[in-house]
Amino acid sequence: MNIDFSDPDFQYLAVDRKKLMKEQTAAFDGKKNCWVPDEKEGFASAEIQSSKGDEITVKIVADSSTRTVKKDDIQSMNPPKFEKLEDMANMTYLNEASVLYNLRSRYTSGLIYTYSGLFCIAVNPYRRLPIYTDSVIAKYRGKRKTEIPPHLFSVADNAYQNMVTDRENQSCLITGESGAGKTENTKKVIMYLAKVACAVKKKDEEASDKKEGSLEDQIIQANPVLEAYGNAKTTRNNNSSRFGKFIRIHFGPTGKIAGADIETYLLEKSRVTYQQSAERNYHIFYQICSNAIPELNDVMLVTPDSGLYSFINQGCLTVDNIDDVEEFKLCDEAFDILGFTKEEKQSMFKCTASILHMGEMKFKQRPREEQAESDGTAEAEKVAFLCGINAGDLLKALLKPKVKVGTEMVTKGQNMNQVVNSVGALAKSLYDRMFNWLVRRVNKTLDTKAKRNYYIGVLDIAGFEIFDFNSFEQLCINYTNERLQQFFNHHMFILEQEEYKKEGIAWEFIDFGMDLQMCIDLIEKPMGILSILEEECMFPKADDKSFQDKLYQNHMGKNRMFTKPGKPTRPNQGPAHFELHHYAGNVPYSITGWLEKNKDPINENVVALLGASKEPLVAELFKAPEEPAGGGKKKKGKSSAFQTISAVHRESLNKLMKNLYSTHPHFVRCIIPNELKQPGLVDAELVLHQLQCNGVLEGIRICRKGFPSRLIYSEFKQRYSILAPNAIPQGFVDGKTVSEKILAGLQMDPAEYRLGTTKVFFKAGVLGNLEEMRDERLSKIISMFQAHIRGYLIRKAYKKLQDQRIGLSVIQRNIRKWLVLRNWQWWKLYSKVKPLLSIARQEEEMKEQLKQMDKMKEDLAKTERIKKELEEQNVTLLEQKNDLFLQLQTLEDSMGDQEERVEKLIMQKADFESQIKELEERLLDEEDAAADLEGIKKKMEADNANLKKDIGDLENTLQKAEQDKAHKDNQISTLQGEISQQDEHIGKLNKEKKALEEANKKTSDSLQAEEDKCNHLNKLKAKLEQALDELEDNLEREKKVRGDVEKAKRKVEQDLKSTQENVEDLERVKRELEENVRRKEAEISSLNSKLEDEQNLVSQLQRKIKELQARIEELEEELEAERNARAKVEKQRAELNRELEELGERLDEAGGATSAQIELNKKREAELLKIRRDLEEASLQHEAQISALRKKHQDAANEMADQVDQLQKVKSKLEKDKKDLKREMDDLESQMTHNMKNKGCSEKVMKQFESQMSDLNARLEDSQRSINELQSQKSRLQAENSDLTRQLEDAEHRVSVLSKEKSQLSSQLEDARRSLEEETRARSKLQNEVRNMHADMDAIREQLEEEQESKSDVQRQLSKANNEIQQWRSKFESEGANRTEELEDQKRKLLGKLSEAEQTTEAANAKCSALEKAKSRLQQELEDMSIEVDRANASVNQMEKKQRAFDKTTAEWQAKVNSLQSELENSQKESRGYSAELYRIKASIEEYQDSIGALRRENKNLADEIHDLTDQLSEGGRSTHELDKARRRLEMEKEELQAALEEAEGALEQEEAKVMRAQLEIATVRNEIDKRIQEKEEEFDNTRRNHQRALESMQASLEAEAKGKADAMRIKKKLEQDINELEVALDASNRGKAEMEKTVKRYQQQIREMQTSIEEEQRQRDEARESYNMAERRCTLMSGEVEELRAALEQAERARKASDNELADANDRVNELTSQVSSVQGQKRKLEGDINAMQTDLDEMHGELKGADERCKKAMADAARLADELRAEQDHSNQVEKVRKNLESQVKEFQIRLDEAEASSLKGGKKMIQKLESRVHELEAELDNEQRRHAETQKNMRKADRRLKELAFQADEDRKNQERLQELIDKLNAKIKTFKRQVEEAEEIAAINLAKYRKAQHELEEAEERADTADSTLQKFRAKSRSSVSVQRSSVSVSASN
């Protein structure tokens, strides 16, 4: 880079090399110098002092303080040679600290531009720098990036050069947050392009005195105008653009500017009437109040004081560094340069001033009226004057606007708030329209009509904003920035890497985590924020609260980008309703007023008034939109009446993104250095945040790793083959080979480039080096070429001099000879006689020549006349030819249009057919729903009849109860006086109560309650009154239930009636649509026939036109030949004239005739005669040719006239057809209007439905949209009817193709019917299989009950064994050591029984292996069934596709769908039955688990007893040899028993897993229909947690094992010190070591099996999910589900049988073990050496059993979730039971009262008591019946409600299914990755534990070697152990505790 640093232009662009050398030579230690995090500076420079583990002590360079930081927090520091680096992609260490330091160091040195790979970073300097002058522009023009310091001009020049060389549109995206300097950089880019590519000025333009500037000046001066009207002061930026603009600068073929245009986006209109305290309105308001141009004050009627106007005095009035006076003058000058007239300027200023006066209009409320009135008219008159309207009309339109009610206009009163809002809306609308007009006017000036080839677009959009109060405008701005950032990320990170993959380059995809699509989808997708806002704007009663509720309902908790706002972090922060997570930060938004802002309402009366304004500009701004011409095309999308602000912004933003994607982008990232707007100050945290959000580091990384420069092979070969000409082989070679040879010839490093499929890719900077090499080679070649050219020119001049020299010598020689001959007399005579030889007969010849000349003149005139006629005819023919050619071209164009339209019509027809099919399917669904409702209605009517009957019975019962109550009241009055006598009769009452208990056992509980209540007779009266009150309450409740049932009945009847009416309307609409379709098909067929005829005519015309063209070409050739002949004759005539003149001269000189002259004259005469004859023949030929041409022309003219007549006839015929079609279209449109009205009625009726009919609403709305689309298509057809005649060939071809397809589809329909019949037969077969499954399930239930009984027997036997053990223990403790011999005998018996148990264990193992084989076989069968299900799904899918292709099969499909629906309901019922059975199976499994737990506890108790017994047996002093033998034998028996128990438990767990899988499969069928995808996510979360817990439990067990090994090592070390106490323990350790090895191997095998089972379960879940997703979309998949159920039931049956066999075996084992317990005491002496090993093994067994229990419980968690619904039903039944018990208690109280009455009145006798008792029983029975009926009624009501809710939610779930499935797939993929990562971590942990175990094993082996040395002391230990029993007992207890 050759830079003159003394040049002042580079002071703020490049660092002085002398200063930089000092900085680059500073001391540096790469191992010590580093960056550490710092709260204030972001990162601080430090030196590493020491390190300890993950913590490092560093010394801060700035203050010499020390600090301890983590190793991961330290970032590497670049060497000093990278100081103030211009391109950060060249850094050695790329990290945040280095980037921040480089930017800060350059910024503090005044260098604001830095390259960052492919884009440029610009830091706001907050001051003016002299780096944008013309001299700087000249220095950057045409320079490469590496030749000159970083600058914005370099980016602009690069874009310009790319446009010129690559012939591709370019764009400069200048992005950043608000206040980062985007607007200023945009102006500099435009200025640079205007200077570099300025067009050549004309002299007359330079000499003119007009104020209009050149095109470049106009482009530059457009910015001040737009800034005045579109920029304002905000809290972060004094000159913030409150609108977005995309400036396109167009260039011509030569690279010169050919024009420009500006597109604007989203002007912030709300700022016109409201600003925050620290902000300002738009600059133009303060400029017109600055008194900069005093003469305008009178025009605008403004006072030069901005504080007087309420619209602009809400914030600050002045801004630092902005002079409103000077800015207004610049703005006025810019208007002049842009060509605005004085009238246009004044009109704009008037409109601007009128907005100020609108803000001063005052209104007040009339007392006691809802009407406002004007509080003064001065400001209104000013507004009216400036806008050119009447003040009274303006006030009237504001205060009393007219609204249309029906067909009449009614005056509406406005209150004060409404009027003020209307004025504000008018001001905002006026300003918005004026701004848009200003942009259009500027574009008109910048449009030069010159030829445009390419353009460079410069984008300046309002930056990302986070204010204290963020509203709708901030959402739109931030949404735009989100899209632009996504474009940057996609272009930089995604497209770049995708191109590598596409080109076949070896590249590993890098995910930078910069995808913003989730946030964008949240805003713009259907049911996103903007979509919900637009939907709410269409509802008249919608408000901010309803909008907020919809947002929360759709997104809160469902999208992590949408959250509730946190607590305000700033004191001035306004209230917020939700918070979005944007790429630049979290922004809280307030939705207050969003609906009004989005609808942008305005008073239509004022609009109409302003449209008729006297001011031309105001009238133009508010003129009514022009109606489209009749038959013209209508715009797609919403009409202008419904075009909301969000929809317009989204449409314009999509257009902008489309433009950007079509260009080659260049990015400039603007950075805010600090919030204080101070130059030279860098806020590290703020800058780092912007770098992270903008993807700066990621952009640098991909620039360094990737290959940003690329060229296609042809361009590379053409441009760089000059560098290696010898490397290119001769002949044809493909571009890739040539490029590879060129690169090889240049000896380039292969790491610097890659060869793709079509392009060659280079690392950053490599292409610049190639350009430099090319320039050097070109300079050498040019120098050689210049040398060759100069040599050639010199040689050519030398040769010319030689030729001149030869010519001079020849001339000199001839002159010398002439000088010799000139005095010779014979020469003189010769020279005199020679002229006289040709003078003979000159006069005669002259006369003849004159005659010939006259004749030739006549012929020539005649020929000229004929020539003119022919030329005129030729011109006429050419014109006709051109007309015909134009007509042909028009016909061809219209044919192309018609072809497209025919294709669209065919597609539309297909769409309509599919829509009709969908409507028919929906009608079928609705008919099914109506049928269901009819059944429900009938059932409810029957229930109502029963209820009426029951209510009548209850009323009779209540009447009787009331009579009884009156009677009982009388009795109570008598009882109150006799309470004291009741104590004597208590015994008698008790005896009678016992007799009643014997008589009726059912009332035993109630009699017991009566005995209890007899003790509280003093409370009898209150209790009886309470019972009566409860009866009355029950009666009221029953009445209320009856009323509710009646209401529900009436409502259901009404709903059913309206549904039937809707169905009838839909059927009628369907029939009409079918009739229209048939009519249209007939019309199309007629049109096709017409088109065929006209096609033949057109083909004939085309052939004739081609013949005429050939004839015309022949005529043109003949005319050309005639012209050539005429020219030849003219030339001959001129030569003859010249010869005649020469003859005349010679005759004059000769004066006489000689014989020679006479002979010569004869020859001349003969020649003249010959010439004359030739002329006559030529004239005759010409005349013949002319006559032939005339004839041909006449024939051609006649043919053309005939063709024109035929075309006129065709035209008239087509116009007639057009009128007929138009009339038919009008009829069809009227019919569609009628259909629309019917549809509206249907919608009104449908809105009356409850939530169960919401799916009908959605479908009807779809139908309405399809009808609207049909209408729009019809309107387009009206405009396109005139061009239908030109679609003949394609229409004919398509008709033939359609006929073929129709025949093919008809054959496919027959195949589909046959396959459907086969499917029906298969379905019936499956139904039979399901019935068989029911029978199998009953058998399974019975077997489970039997297993439960056997389990209870086992438990009883175990309890008996425990009792026996306790007895033996107590007996042993009493008898002591005297029973040792008996224990030995019993031990031998126990050994025999243990051998038998070993045999049973082997048998159990064999059974387990058989079960495993059965499991694998069942798994294979399950996979086969899933394949069959997939095949069935595919066939059903194919049949559904075929079904949609035909209308004729609709009725057949309806019947089939109805049958499928009934089958689906039956399957659902069966599924519910299966679920109930599975609940019972689950209960049995829980009981099994309890029994297993009991067995485990019993096992532990036995082990404890053995432990105690061995402790006691240690006192016996038996021999070590016998103990060793017994220990080994028992150890083997224990291992075998434990293995058998583990295998049995594993088999049981497998069977439980099988049962659970079957249960989950059946439950998933119902859950998939009810709960859909959410349930699946919960299942996968549970599965993930279960697997995680399982892995954790295995890890814990391994860790516990390692810990146990460590404890064992400590114990061994302690026992080595005391060898006498360690002999038995060492043997146990040796045995324990072998056991541990086996245990570890077993654990490893279990881990592998667990992993395999996890993967297998995951695969099975994926397969099940796929099948269930298919079941959701197609009801016919129920056949596949039934097959799965059958397979599951068969598997459950096999599992049940296997478990039954295993249970029987287990029972046998338990019986054997129970019989063996009696012999345990005899074997206690030989169990002493096994205590420690058995205790360890038992602990491990317990750990494994606990893990198995946990896994089983986790597997049961899903089943427990399914039981929640059953529990809810049980709770409800409990409540009903409570009510029943209350009634029973009342009956009991009646019984007590009867007893008391009987006791108190002995006179009544037993007859009265019996009568009362019978009455009580009757009441009790009636109450029970009533409660039962009430419960049935409630159950039926719940079923009906559940069915209605299912119908309501089904449609919504189907619509959302696809999106949820996609999200679920993504989530599941992420979860699978997480699971894999967790499994890998678990494997690593297992490997670590295995290493620990091996280490422990090694230590154990060493301990064994040491133990061998202790054998010599074994005899001493035996003698010592016999003498000291107490020492042995203590040692054994210590080892047992360890």
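Any Cβ shown, glycine's included, is placed from N, Cα and C.
Record features (Swiss-Prot):
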DOMAIN    29-79  domain 'Myosin N-terminal SH3-like'
DOMAIN    83-775  domain 'Myosin motor'
BINDING   GLY176, GLU177, SER178, GLY179, ALA180, GLY181, LYS182, THR183  ATP binding site
REGION    653-675  region 'Actin-binding'
DOMAIN    778-805  domain 'IQ'
REGION    836-1938  region 'Rodlike tail (S2 and LMM domains)'
REGION    1041-1062  region 'Disordered'
REGION    1187-1332  region 'Disordered'
COMPBIAS  1265-1285  compositional bias 'Polar residues'
REGION    1344-1363  region 'Disordered'
REGION    1898-1938  region 'Disordered'
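Neighbours of the ATP site: apart from GLY176, GLU177, SER178, GLY179, ALA180, GLY181, LYS182, THR183, residues of the same chain with C-beta atoms within 8 angstroms of the site's C-beta centroid are ASN124, ASN237, SER240, GLY463, CYS670, ILE672. Secondary structure counts, DSSP: the region 'Disordered' (1041-1062) has 22 helix, 0 strand, 0 coil. For GLY179 (ATP binding site), the count of additional Cβ atoms within 10 Å of its Cβ stands at 22 [all protein chains shown]. Per-class residue totals from DSSP over the region 'Actin-binding' (653-675), listed helix then strand then coil: 9 helix, 8 strand, 6 coil. Within the same chain, residues at least 6 positions away in sequence whose Cβ sits under 8 Å from that of GLY176 (ATP binding site) are ALA122, LYS182, GLY463, PHE464, ARG669, CYS670, ILE671, ILE672, GLN690, ASN694. Helix, strand and coil counts under DSSP for the domain 'Myosin N-terminal SH3-like' (29-79) come to 3 helix, 30 strand, 18 coil. Within 10 Å of the C-beta of SER178 (ATP binding site) there are 21 other C-beta atoms, taking all protein chains into account. Long-range Cβ proximity for GLU177 (ATP binding site), meaning a same-chain Cβ under 8 A and a gap of 6 or more residues, is found for ARG236, GLY463, PHE464, GLU465, ALA584, CYS670, ILE672, GLN690. THR183 (ATP binding site): 24 other CB atoms within 10 A of its CB, across all protein chains. Mapped onto DSSP helix, strand and coil, the domain 'IQ' (778-805) counts 28 helix, 0 strand, 0 coil. Across the region 'Actin-binding' (653-675), the prediction's mean pLDDT works out to 91.
Using a 10 Å Cβ-Cβ cutoff, LYS182 (ATP binding site) registers 27 neighbours. A 10 Å cutoff on Cβ-Cβ distances gives GLY181 (ATP binding site) a total of 24 other Cβ atoms nearby, all chains included.
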